[in-house]
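> Dumping what Swiss-Prot says about this protein:
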COILED    180-236  coiled coil
COMPBIAS  1-13  compositional bias 'Basic and acidic residues'
COMPBIAS  14-24  compositional bias 'Basic residues'
COMPBIAS  44-62  compositional bias 'Basic and acidic residues'
COMPBIAS  78-118  compositional bias 'Basic residues'
COMPBIAS  132-166  compositional bias 'Basic and acidic residues'
COMPBIAS  198-218  compositional bias 'Basic and acidic residues'
COMPBIAS  247-256  compositional bias 'Basic and acidic residues'
COMPBIAS  265-278  compositional bias 'Low complexity'
REGION    1-179  region 'Disordered'
REGION    198-220  region 'Disordered'
REGION    246-290  region 'Disordered'
Amino acid sequence: MGRRSSDTEEESRSKRKKKHRRRSSSSSSSDSRTYSRKKGGRRPRSDSRSWSRDRQLRSHSYERRRRRRSSSSSSYGSRRKRSRSRSRGRGKPYRVQRSRSKSRTRRSRSRPRPRSHSRSSERSSHRRTRSRSRDRDRRKVRDKEKREKEKDKGKDKEVHSIKRGDSGNIKAGLEHLPPAEQAKARLQLVLEAAAKADEALKAKERSEEEAKRRKEEDQATLVEQVKRVKEIEAIESDSFVQQTFRSSKDVKKAVEPSEVQHVTAASGPASAAAEPPSTGKEIDPDSIPTAIKYQDDNSLAHPNLFIEKAEAEEKWFKRLIALRQERLMGSPVA
């Protein structure tokens, strides 16, 4: 009996402990629920503001990610449309997009912010347009070069085809003729080709002669220039002495007949008999004028004006004959 009573007491105690534990756990859970309700029922203003800011930042970060994904996944056409719309509305301010939240309260709370990727996208679009314009210019230059090369090739082909066509036409034209006429026609063609070759050679020789002549003229001018420079240097030097001017024309004329006289004296009478007598008049050195002589007749007009008409015409006729002889023979007029 004593053992049974002790067992029952222990069982009752364990049951009481279990009930007490259950009650304590339920009370703690109810207390936590009530505390959480109290806590969630009213919040201080600072906590609500920080919570709204966190939500705004999260919404903005989500918007940025979504825009980046859409811009990266968009096609070439959408990029082009976007660049056109930006270029049209450059002067206008950028449209402000609000955060697309589900509730209206959150939408009203969110602040408007401009696009963050607008400047970078504009720069990239400018770079693209520049690179495209450069590519277009390069393509145009390449196309022009290709066209010029094709034109040159076409001209060369035309020249070769014309030459071949000429030879073919000649052969075709000579086929229906008899052999004698064919030989004559071929001879004529050969003569024409030889004449053309002679003309080309003559033109070449003329060009070479002209080049030589120009070279000689350049050399002569160089010699004259050097002589002139030396004369100028001699005049400018300190050892230069001024002298009176003497004409070399009269001196040459006087020297020539004196040389002729010396030659005739040395050759003897045989050479004098063999040679015909000279028709020219011998000029004495005493007769050469050395000073200017003035004729003061106290007359207002020249004496040639008082000559008769027939005498003046005869003198003029003689002068014309002398000038004609000078032009034809090259001898100076006395």
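We number each residue from 1, going along the chain as drawn.
Every residue, even glycine, has its Cβ placed from backbone N, Cα and C.
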> Tally of helix, strand and coil residues over the compositional bias 'Basic and acidic residues' (198-218) according to DSSP?
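Taking each residue of the compositional bias 'Basic and acidic residues' (198-218) in turn, the totals are 21 helix, 0 strand, 0 coil.
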> Looking at the coiled coil (180-236) alone, can you tell me the average pLDDT?
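It averages 86.
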